[in-house]
Each structure stands twice: as structure tokens, then as C-alpha cells.
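A.B. asks: Pasting a structure here, questions to come.
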């Protein structure tokens, strides 16, 4: 392809399309057709040439073609792509160089390509204004569509739109043709959309179709046209469609699982949700007198009782009457109840009956399969599921919580996250593909360049030489170049040669200058002229300096790394104009919000041995940050511009020669069009924005620069930012006048400080350079806004400006790497998400308009159905804004409530369709793409902002200086003391000194290495400053040497960096000897160039291992630390004699006790018992005296046992070991708590508040179990490893949220108060109460009350935001915000409507981004941890992994004995029938049919229906029993050796029992129909038989793989729930029952607490549980409420404890555990997909062994050689070797044992090798494999190969040759001896036979002479294989002769 592309670039490649061209094409096409033989005309697509991707229609013309001659713009040209040479196409290029491809056939049969009409149409079509016009029309049209009640004149506008669209389509049809050929109008799917829209428009206009609004909604599709017009969107939509295709498997699995769960739900809860509490009929009614007869069943046909007195009572009518149901306040639906003991009970005077409709308008139910499915889908998406959960538990009983646990964990967490995993994978694949494409292009361009170079080498050598000398004769040349850059940019044949010569000269000049350069400016040189040229060329091709891939160049030679100081003495930042780095390296190199002071362009590799140089007084420094790519691009290009101007400027001239040399590299390749601004702007900038007027000014400037750029000033400014943030966060309501004036003054002061900083920086740097940098622009904007705000302080309505001050918080990112990284990730994602966000916006827009058009009217007309007052509810679709809000709410995952409303007013089907579409398309796909992008930007940024950490920022420098100062003072004081008191020689210690070790100076710079100073980096962790963590580099003259010595701010490398900082934190016991110290030093040194990541903890240290694995030699360690012993020498006791020895023996005894397994088991048992005991302390404990007493004693016993354990461990391990182990500390603290409460009880202080709260800490006891259970410990360790980064992200999120919280306080503080009626609890109308004073006037009956969760201060704001971010309780907050007016004013309904947008913005940034970041961090961390502790995986190549996995699977299997076929003829027939695959599949079909019949069941089906279904069920039971009997007959007792059969057997027995004892079972157990549901599990078996189900198998495989890990996480979650349940019971058992707390869901007992906590695990309904706890004083609660049976008084909660309890639980469970779950699933999913993508899967090996069983019925593991061919042919692909396969099998060289048998492993190994191909690693693996196989199958020990198939064949062939020759010899002998009397003819006849034999043997010989066979063997089996069998070969080389003789005759006979 590359070859074909090499049309000479420039105008020559463009040729106008003429009649001749058309004729030529036709001729070529005819020739090609003639050339091809018939057969080859349909060759496979693989080998067909493909169109060039760079010349596709819609792309821009590659740069290599140069400019289009003006006369050829918008004209038909011959196709540039060689692929289309013989196809009838032509191209047209517009001014923007976009390619349009057309068919060269006649359009509409009349317009030839050269027809003037068609030419005009083409000109219009390709013109950019045309697409602009269409774009504007679409947007305007969209605006008109959002009008809910359009005025009449819009009708005419509609016609205009239709007209424009029609015109567009006509133009397209005229230009392209309609539909027959390629590239015609209807060949583009996007045009189908246009076409249908236009047709619909005309149809609706002229034909009356009744429901017009439904059809008018089709106009909405016009919005989709934007996608086809905006270029980037098509690709995103492509990606979306791809991910939806990938989702098909997950979707099927999801639907299947949901169906199964829905069936279970249907069987368990059918009709339950209609159980209501109905009033017991009044005593005087006829009912009372007849109750007995009713219950005895005497009732006439219509449900009426007839009795003696003849008064009638209709029971059905009575219970159908809504007014008799018990309804709680504020609820729409009556209270549900159940008749089970653990179900909800009715109040006094009420009875539980099944009547009325289901809850929520009748839409929440399990009565039919479809409603059950909807309920399950809702559970899976976790929308308002707490409501379903509570209703079901209330109606059916608490035990059914198990059902919900299963559905939530398997359905919700697993399936939803699988969808995420699939989308992320699809995204990743797409990314890979684009990267590969880019690489491929690069290679092609390289090739082109090579070609160009060759073409142009010879032609113009002379001209070029003269040109070069002229060009570089002076600066003038540069100026000219600037002017003529458009010429220079063309890669015309002339310029290419010139480059080379110029470059050579320049090279030599550079070498000379480079050695004697005085100003210290270093230019990294690139290695070869070619590479420079190619790179620069590539750059200009893309116009994107970042496309260079990592391979392109090493960090050392970024093409043009030009120092800022070239341009002016003030700037010493290295800004490279073009830095070619790969994506990964680019991150954080120089950046947007960052100053580019130490933005060195070398990477960490080159940092290591760099020179350290101080910076000059005149240069500015600052901290480093990071840039987005576009920014870098802009800045680079702009700096290129500047450089040119600067050169023209006088100050730059003296250096010009050296610069010129480098600049010209890129000069010719940069087009003028790429300049950011016109040249006049730079001239203006030079004069007005760079202030260099006089010397005095320069001095002032210099001074200001010194001050402003000092790190201490930076530190001060950072402190000011923090203080300012604090001041802003201190606003609250109500605030005193004094406090508020303090805040105002503070604000003024800070504004002043920041303004001064900005002004000084501008003076120091000049405006021109000041605004070159992201951070400074940011500062400038904020300062200007603050000043504006001061000016406009008193203007009403501009308080919004105050919110901009909050952005100052972001300045912290300068010195806080994690925040910086986060902003960067969000920045990157927003860049990548730009298109996605547009697509999302289009989707939201379309659905909002559709909703408005379809349902708007219905909401208006049927509003009384959903609202008693007949007012529109808050969520409706009557206008565009509200419609948009509903769609947005659905995207947040809350769809069910709004859908109920919609279904009630507008009918079920349409609403279901629309809402499901929004839910599936919007929510699942788009939000998951969000996540996928976030995750991918994580992996590319590698979370740890490595580059940032490696650069020191000013803050660290300042802190470092302070640290040094303090150290200096400390050392001085120490020395004084030493001199005064100790006259000893100094011992050299490892310490942080400040001595300079070495100081080498030469003519270029100095390298200084200092001892390390410890700095706290941004995370508060100590990190050594040095190789690993931070390095800066400067280049200096030697005269700067002194300034260096005097400048203490420099940091320098030390050989061990991170290592030393680790020493600081090590425990002393870790190093028992010097050598160990040395070793660890080396170790640490090896890791010292750690990534500097926030996560990267030191490598696991010896101490940790010591803690986990007890010493082998059973010797206790020292009791005390060395420090203690030094200070108190008496602690050291001699263990050799006397008391010391007794003490030592005692310790040894204790040690052996503690280390004993039984001791540990006993302690675990005690821990479990004591934890269990806590669960009994509920509110009923007072009434159960015996239990209470028992528990008190037990508590004491447990406490004593634990104290004893602790003492034993102290004696055994010594204090040092005990107290350096974190788990021991945990034990210690928990024991202390028990001890304190014991002592307090003994002393009678048990009622003290402090003691009571201490007792609640006993809830932590179960934590001790953590260290004892391996599984949980693994998870905890992983979590602890993740804590630093989770904390980091949590902090960043808090900062992020702080901004929204402060903004919320500014907007809503004090405005949520409202006046309520104390009797009814309703809010007063605005007519009655307008403000606070009106409310006061009403006295007792009114109350001025605040919403519980509000924005009155920043803390409350945080809680409110957490509720919004988790979408729980957010409605109330939003309603309050939307209704609010001002402080002390009564709210009005939707007064402040657009406040919704505050929440929308917060949800997007605060919730989607930040909460997903947690997932990102955890997954990222997970991977990092795996890498750190991971096993071989990381050190294996991909190849090796493939083999390893195949082998792993291989080794674990072994052939089994098949079930023998019965000898009895009848049994044998049945056996054959049962073992066929068809039988299996038919049974599966029966199971599915059974499932369908179960789905048909409904709650209120007719008796006849019930009868039919039970008969059908009977049939199924008979069939399944039949299957069972058949299998039993044929398989005999072997039936029970297969797990699945036992399962079938149990199900069949249960079904039969269930059929006969249905009533009995239903009464005491569950509904017997459930047994039939269980049978569905068998469907799992069928998946193996279906080839197409591979995807689903993968998903299930992923689940199986994740189960162990998920079980561990589940255990941990249970532990957390347990602790919180105990804690909740002791704190919230008695709170007032309201909101989410009622008689069933509360913290009164352990069970109830667990039920509540399980619900909050998914963060569902936590607002409801928190609300009652926030009641802290009357009138919200009653502090003196009496609780019968208990001594506790009052039902008030404790808000601070409550908030802490719920927030911490949500963070732990929801963010951590649930996200760990996600991480595990994503991980295993990718592993599983890799597995399934491997050439050999688990199933292939299983299949191999299944076939093997038939050939080896006795499971000997051997097969005879003669059967091998049939065996190979019986396998399935990929292992299959079809017949004829003899030769192949022989060539495999398989080892054989006596009896010509071959072992299964050898065959499998050879076949596997055949599939996987050659590899050198096979030997080692093979040996490994055999070991494993031996271990699992001891029978193979006897296996000693004697020969191999190949050897056997060679033996056979050689035997044949020997025999033949021997026969010939015998014959000759005979001929000699035989007398001549025999006739010659007979002799002829005799000889004939051998001759025939010869021929046969010759043939064989030809096929397999030794050489040939060897050749073929080497192709099918690698030499490595031989090496394994070589020893064997030698072994049986000896036996060969005898064997041959033995075997000869036998074989001959066989032949």
C-alpha cells in the first residue's frame, strides 16, 4: 500500500477527471475482469486489496500532497487512492482539503459526472457553508422543538425547515445519485435518517393519520443529524454501537438470570403484596353473628351470608372498600401485613386480609411473571429497592431477606458490573486499534520519506548547495524564511535535497559551538539526520506534536528542546518546542496549570546522572505541574513563533547563529496556517507587553523577581489559600454581626494579598510571559473576579460572583500532586469525553423532547390520577425543562417512581418502552463509557502522579529549608552539649547530615551530592529527596559556583533515596546484625527509583514477615527494646542461672503454649462466642432475667480469658514483639475496653455516661477474628494497601465537595426554614403565612421549622451533598432548594426553578466523577498490589503464558474409566439412547418448556387454568421421572457417581412428594413449585453443548473464578455489618419510629439491625434511617418517653453519633467493599476473556478426554498405535487431525511403550503443540507437566518409553529394506545353486514377486526416507522435544538389533 501511495507529492498528483479518464477506468476494469479466471473472482476478503484509510471519504487530504491548485478546488479529480484505479469513482476536494468521493456513473441515469447541473450540485455539496447552513438549521429546529405550546406562526417555520432539508437531500441526490452504485445517496446509513425524516414530514403534512403528536415525535430524530455533521461524533457512536454488540452475551445472561429470579419471586411472593390491614367489622353488623358460619365455610355463591335474621353482610364488598384499610400518615398505600410470625403485624382492631390492589398504583407486585420481572429488574438496577424490600419482608416475613441478599449480590453487583467490565473492555480494544493504526501510518510515512529521499537525491545537488550557503549567510535568511513559510512547508522536490545539505553544515557548526558554548544552553542533539527529518516531517503531517510514539525518540533527544533563555535572559525554563514523547511519558511533563520552571524534558531515566546546577539570580523558578495535550501543542507552536520574533529583535541577535541552526529544522515544515496569531500581534506584544525600558527598572524588576519567586513566598501564598478557604468555610447561619464583619475583613485582606502577588509577578515576569502560563492566567481571572465582586458588592443578584472565590482552592493543586492528578484526569477525560458528552446531550435532548411530545398532554389531562390536588407534580413532562429533569433523573438511576406516574397518566406500554430505552441506552451504556474513560485515563496516568512527585515543588523546597534550619539548630545544640558533657570521640552514625560529600568542578558544571534531607511530601509520608523522589536540574556557568554554595535551597541526589527514608521507619528488631543491615540497604537501593507513587509503599520488610511467621526454633525474643535496656539496665536479666533461668523457662513454656494450634483454635472459639453474646443484648434483655445474668457472667469469663491470653503473649513474645504487631495492638485495646467496663461495674460506676459509651466499643470484639481468618486477612491487607490512595482521593473529593458545599451555603443558608401547622404537620400556604413574623403571630399552632438536612453551614452542606451524591434523600433537599426564596421568607412552590441546575452540575462533577474515581483508584491499586506481590505472571512473556495456561489445564485432568456398556441387550439399547447428545438436548428443551409453563401462572388465574397447569406439571413430572428411570436402568449403580444425576434424582423425588403432599408442605415450608425452579439449574449443563454460548460460558467462568475472592469480601462485609449492628443496637434502639424506622425496620434487635444494614450496604434508604436519629430535642421527640419493660427513657437520637455511624458505614461498605467487589470482577472477567480467547480452552481438553474414554475403556492411560489414527479423527477442532493423518501422526515422533502403546499425555502434548505452534519453552514446561501428572496419577510411574512412532516407522522401513535385500540375496544364491534344467520362465515368475515388493517398498521409502521424515518432523514438532526423549533413545539403542529380528516376521505378516 505504501508503495502505491508514492505518487509524487505536490500539484502533480492532482489530475482533473475527464471523459478520457472515465474511458481509461472502464478499459482497466474490463482488462482486470478478463485477466481473472472464473474461480478466482470470489477470492476471500483477506487477500483483497483494501482502500487506503488516509484517503477515505470525509478525511482530510494527507499533508504529503501539498496544496491543491486553486483551479482544481471543488472540481472532479481522478481518484488518488490506487484501490479505486479500476473502479468508477472520482474525488472532489474542497477548500478545507476534505475528501469527497463520488460514483462516476450517471446520477439518476441522466447526469454524467461532467454534466453542469451535477457539477453545480457537487460544488454546493462540498462547500463548507452548506454544512454550516444545515447545522444551524438543525440547531434552530431543535430550539423550536423544545417549545411546549408553540404559537401559530411556528407552522410556517416548520415548512421552512422541511424545505431546507428537502433542498439538502436534492443536492445530495443530484451530486451523488440515488441508490444503485457505491457512494450514492442511500448507500450512507446516515442518509437513511434524513430520508425517513423528510418522508415523515410530508406524510404528516398531507395525510391525516389521527395521532399526530406520536408522529411528530419522529422529527426529533433530526437532532441525530448533528451526529452525521460533526466529524468526531460518528466514531463515538461507532464505539457505542460496538460496545452494545459486545454486550449481547451479558444481556442474554442478565435476562436469563432475571427470569430465573423472577420465577422464584413469582413462586414465593405471588399475591403477597395485596395483604392489607383491614378494620375488623363493627360489632353490630351482621358479620359478627355469622363469623363462625363464615369460617366454617357456609357461604352462598356470591359471597353473601344468609342467616336467620335475614340481614345480609357482603364480605367481598366490605374488604374491597378502601376506607377500611389502615393507612399511615403521609403514605399513599395502606399498610401491608403478613400472617407469618416474622411478617408485619396489624394494629389492634385490624385483621390481615388479601384485598384491593397492589402498592404503587398496582405496579409493584409478583403476581404475574412480567410484573415480577420488572420488580427484579428494579432490584438489579437498585432503584428505590428498599421500598420493595420493606414491602416484601413485611408481607412475607423476614426470612426472605435471603432472597434479596442473593439477588443483590449475584444480580445487582455481579451482572451490572459485568456490563461495566464488557464496556470497559470494548473501549480498551478500540483504543488499542487506534494506537495500532497510528503506528502503521507512521511506518508508511517513513517508507514514503525513504522513497522521496531516493527520488530526489541526485537531481538538484548543485542548486541546493548554493541555496544553502545563501540562506545561512545571515539573519536576513531567517526573516525571509518566515515570510515564505508556506513555500517552505511544501515538501517539494527542491526542498528535500536542500534540507540535507543544510543540515550537514549545521551539524558541523553545532559540534564546534557545542564544545565552546559559553552561555550554558544545552541543545539535546539527535542521533541521526534522518531521524530528525522524519520526526519533524511526521509532526508537520499531523499538525500535532504529540503523535510521536514512545519509540520515536528517547527522552534525551526531544527534537528541539530550546531553552527559554534564548528568548530573554529572564526566563530559564526549558520549554521545548517539540518534545516527542509517547502518551505515557507525556503525562505531567510540563503542564497546563503548572509553571514550567523545572519542566525538564528529559525523563526519569536521564535524570539519574544529571548535573545539578543552581539557578541564576536573574531566572525565575516555580513549581512544576502538568498540561493537557492541546495546551502543550498550543504553547509549543506559540513559542516557536515567539522565537522567530525574538530573533528579529535586537536583544536576541547575538545568539542567532546557534539558534538558527536548530530552528531551521522545523522551519520548513511548519505552515503559516499553524501560527496561533498573526505576526503583527507579536510585534505589538514585543513593544507593549515586554517591559525593558531602563536599567533602574530592570534592577527593580530583578529585586521583585528575587522576592516573588522565592519558595517561602510560595509557601506563604499556599498558607493564605488554605486560610482563605477556611474563612469561606466558616460562614454559617445564623451568624453574629461581629463574626460576619471579621469574615468580610478577612476576605478583603486575602483579596489584597492575592492582588499584590499577581501585580508583583507581572512586574517580575512581564505580562507577556506571565500570561504564557496556565496557573497565572487562572490566578489573574480569579483576582479580577474578586476585585469585580468588591466593586459590585451591593448590587442585588450578583452574589454568584462570590462563588468564584472558591476556585482559589484549586491553586492548591500546584503543590498537591494528587489533586493535580485528579484535575488532570478529569481534564483528560473531559477532553476525551467532549464528544461523548455531546452524544449524551443529544440523547438526553431527544428523549426529553420525545417525552414532552408523547406524554406532555396526558400529564396535563390526567393529573388527578397521580395527585389529589390535581396540580402537576414536581416530576412531569409537560414542558421541556421538566422533561429534561426526568430524563436526567433516569440517567442517575432513578427511573421507577417517575415511570409509575407516567404509566398511570399515559398508559403502560409507551411509558415502559421510553423509560427502558433511556435506562438502557443512557444509563448503562453512556455512564459506563464515562467509567471506562476514567479507568483508562487512570491506567495511562498510573494514578501516582509520578513525574510531579519527581520534580520538587516550591512548597517542598521551602519546607525542606525549614527542616534543614531546624536540623542545623538541633545539631548545634547537640554539639554544645557534647562538648560540655562528653569528651568522647564521635561515633559515626547514619543520620541526616548536611555535609557535602563531594564537590567536583569542571568547565561545564558541578555535580554535588549531599546527604539526604527528609522531606514530607504532599501526602505527609516521609520520602527521601533524591534519585527516586525529586530531582531538579539546572545548567550553569562556573562563575555561578559561589551562588550555588550560598544557596541552601538546592536539593541533590543521594545514592540511596527512598531506601534511607525507609530506614527511618523501620523497627529496630528488624536488623539483628550488621550484614542484614547491609543487605537491606542494597535491597532498598535497588528499589530506590520507585515510581514515587502515592501508593508505592516500601517493599515488604523483614519485620512484617517476622510478625506473620513465627520463628521456627521456638525461642522467645527479648522482652524490651534496646532503648529501654539502655535507659533501665535492670531490665536485662541473665538467663543462665537462678531466677533468670526460671524466668526464661517460664517464657519458653508460655511460648510453646501460645504457639500451639489448639490454643489459637480455643481463642478463636472464645472470640466467636463473645461476639455472639453481644447479639443478645437487645431491648428485650431486661425482660429475660436469666439470659441477662448468664451474659453478665459470660462477659466476665471472656474478659478473664482474654486477659490471660494477653499476659501469656506478653511473657512469651516480650513487649517488643507484642507491641510492634498491629494485630496485637488491636487485641490489646479491645481487652482494655472490657477490663475498664469490668472494673467500673465492680466499683458501681456502670451508669456513668463515659462508661456506657465505652461499653459500646465492645462491638469491636469481632475485629479480633480478622487476624485469625486467612481469607479475611488477605482482603484486609489489600484494603490497607489501598488506604493511602483511597485517603488521597477521599481528601481530594472533600476539597472538590468543599467548593460545592460553600457554594450551597452561599445560596441556601437559612432559606430552608418554613412555617408548618403543628397539628396537621402541613406547610402553610403563602396566602396565610408569608414570612417569619407571620408565623410567630400564629402562636402555638404554627412552628417555624428547618429541613433536617440543610445548607446552614459547611458540615451540614457536606451531609446534604452526600445524600445528593448517593441519590438518597436528595429529593427533599432539591425541593427545599427549588422552593426557597430568601432568609425568613416562607418558600413558594418551584419559585427558584433553575436551582435544579446547581444539583445537576454537582451530580455530574461531584458524583459521577468523584465516586467513579474511587472505583478507579481501587482497581488501579489492586493491579499495583498484584504487580508488587504477584507471582510468575509478571515475569512471563505472553508466549510463555499461553503455554503455561494450556499446560496448567492439561496437568489437572486425567482420563477416567467410562461407564461400561451393559451386557444385557435391552439395557444396552437404552444405554445407547441415553448417552446420545440428542437425548440431553431434548431434556433441556423440556426443562425450558417447564419454565415457560411456570411463567404462565398468575395470582388470580381461573380454576380451569389452575387445573390445566397442574395437569401439564404432572406430565412434566412423569417425563422427568421417565428420564430418571431410563438412566437408572442403563447406567445401573454408576448413575449415582455423577453429581448432576444426584441433583436430578433429588429434584424428581421432591417433585413427586410435593405433588402428593402439596397442602402440607405449603403450610409448613415453602411453596412446592419452588422445586421446579431449582431444576432450571440444569440449564447450566447445556451451555457446554452449544457452540454459540461461548461468551456466556466465559461470563459464568469469570463468576466461578471470582467466587473465592468474593466470598472473602462477603465475609469481611458481614463482619463490618455485625460490628455496626451491635453498635446500632446499643445506640439507636429506642429512637422515635418515623421515616425509615418503624416496627419492623429498626435497631431494637440484632436481626432487625442486620436487615437495616444490609439495605444500606447499597446506600439504599439510609436517609430514612438517619432522619429519626437527627431528632435531638422537643418538639421533634420526647426526652421523657417511657419504654415498657425497660429502664431507658426518651426517644431522642444523637445526631453526631448517628451521622458518624451512617456516613462511616456507607464509606466503608459502599465505597470500599462494593468497589473491591467490582475490582475483583473486572479482573477476573479480563482473565476469563483471555482464557476464552486462547487457542485451547478447558473444554477442548475435556472433550479430548471424553473421546479418549471411548478408545481406552479401562482408563489405562494408554492407547494402541493402531487406534491412534481413528482417535485423532474423532476429536473436535482445534485438536482434530482429519484422516488421512498417518504421516502427520508418525512425524510427531510419539514415544511408545511395550505393546505399541502410547500414553495419553504424550498424545495430548503433541496435539497441543501442533495447535500452539513452535516454542523454545516447551522442554521445561513438559518436564513440569509430567511431574504434575505423576503427582495426580501415580499409575504413570511404570511408563518407560521403548521407542517412538517415528523411530518405529524408520525401523519398519529399514527392516523392510533389510528383508528385501536379504530376499534378493537368497534368490541369487538359489539361482546359482539351482540346476539349469529349470525353465527360464519360471525363474522370471519367481523374480517378479520381489520386484513388485520393491516397487511398493520404494514408494514407501520415497515417502519416508530418514532425511525426509526428519524434515517433516522438524516442521511439526520442535527439536526441543527430542531433547527430552534423547536419554530414552540411547537406552533402547542397545536393544534395537534383537527387537528388529523379533518384530520382523510379525510385521511382515501384518503387512
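Glycine too: its Cβ is placed from the backbone N, Cα and C atoms.
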A.B. asks: Scan 278, 485, 1737 for the residue that Swiss-Prot records as phosphoserine.
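C.D. replies: Record annotation (Swiss-Prot, phosphoserine): 485.
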A.B. asks: Pick from 1316-1341, 1394-1419, 1420-1445, 1446-1471: which stretch is listed in Swiss-Prot under transmembrane segment?
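C.D. replies: In Swiss-Prot, residues 1394-1419 carry the label transmembrane segment.
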A.B. asks: Between 1190-1211, 1674-1695, 1740-1761, which stretch does Swiss-Prot give the note transmembrane segment?
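C.D. replies: It is 1190-1211 that Swiss-Prot describes as transmembrane segment.
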A.B. asks: With the domain names in Swiss-Prot as our guide, do residue 905 and residue 1473 land on the same side of the membrane?
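C.D. replies: No, Swiss-Prot places residue 905 and residue 1473 on opposite sides of the membrane.
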A.B. asks: According to Swiss-Prot, one residue in 290, 1724, 1873 is annotated as N-linked glycosylation site; name it.
C.D. replies: 290
A.B. asks: Between the candidate ranges 398-424, 425-451, 452-478, where does Swiss-Prot place the transmembrane segment annotation?
C.D. replies: 398-424
A.B. asks: To which residue among 211, 1002 does Swiss-Prot attach the annotation N-linked glycosylation site?
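C.D. replies: Out of 211, 1002, Swiss-Prot attaches the N-linked glycosylation site annotation to 211.
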A.B. asks: Would you find the one among the disulfide-bonded residues 902, 911, 1315, 1335 whose Cβ has the most company, meaning other Cβ atoms within 10 Å?
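C.D. replies: Of the disulfide-bonded residues 902, 911, 1315, 1335, the most buried by Cβ count within 10 Å is 902.
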A.B. asks: Nearest by CA distance to residue 1315 (disulfide bond): which of the recorded positions is it, out of 339, 870, 911, 1331?
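C.D. replies: The answer is 1331.
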A.B. asks: Write out the long-range same-chain contacts of residue 864 (disulfide bond), meaning residues 6 or more apart in sequence whose Cβ is under 8 Å from its Cβ.
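C.D. replies: Those within reach of residue 864 (disulfide bond), by Cβ under 8 Å and sequence separation of 6 or more, are 870.
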A.B. asks: Under 8 Å Cβ to Cβ from residue 339 (N-linked glycosylation site), same chain, six or more residues apart: give me those in sequence order, or none if nothing qualifies.
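C.D. replies: Those within reach of residue 339 (N-linked glycosylation site), by Cβ under 8 Å and sequence separation of 6 or more, are 275, 352.
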A.B. asks: If you compare CA-to-CA distances from residue 1335 (disulfide bond) to each of the recorded positions 902, 911, 1317, which comes out shortest?
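C.D. replies: Nearest by Cα distance to residue 1335 (disulfide bond): 1317.
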A.B. asks: Around residue 1331 (N-linked glycosylation site), which residues of its chain at least 6 apart sit with Cβ under 8 Å of its Cβ?
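C.D. replies: Result: 1384, 1385, 1386.
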A.B. asks: For the recorded positions 870, 1317, work out the Cβ neighbour count at 10 Å and name the residue with the minimum.
C.D. replies: 870
A.B. asks: Between the Cα atoms of residue 1317 (N-linked glycosylation site) and residue 911 (disulfide bond), what distance do you get, rounded to the nearest Å?
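C.D. replies: Checking the Cα atoms of residue 1317 (N-linked glycosylation site) and residue 911 (disulfide bond) gives a distance of 38 Å.
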A.B. asks: In DSSP terms, helix, strand or coil for residue 1331 (N-linked glycosylation site)?
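C.D. replies: It is in a strand.
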A.B. asks: Under DSSP, is residue 870 (disulfide bond) helix, strand or coil?
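C.D. replies: Coil, per DSSP.
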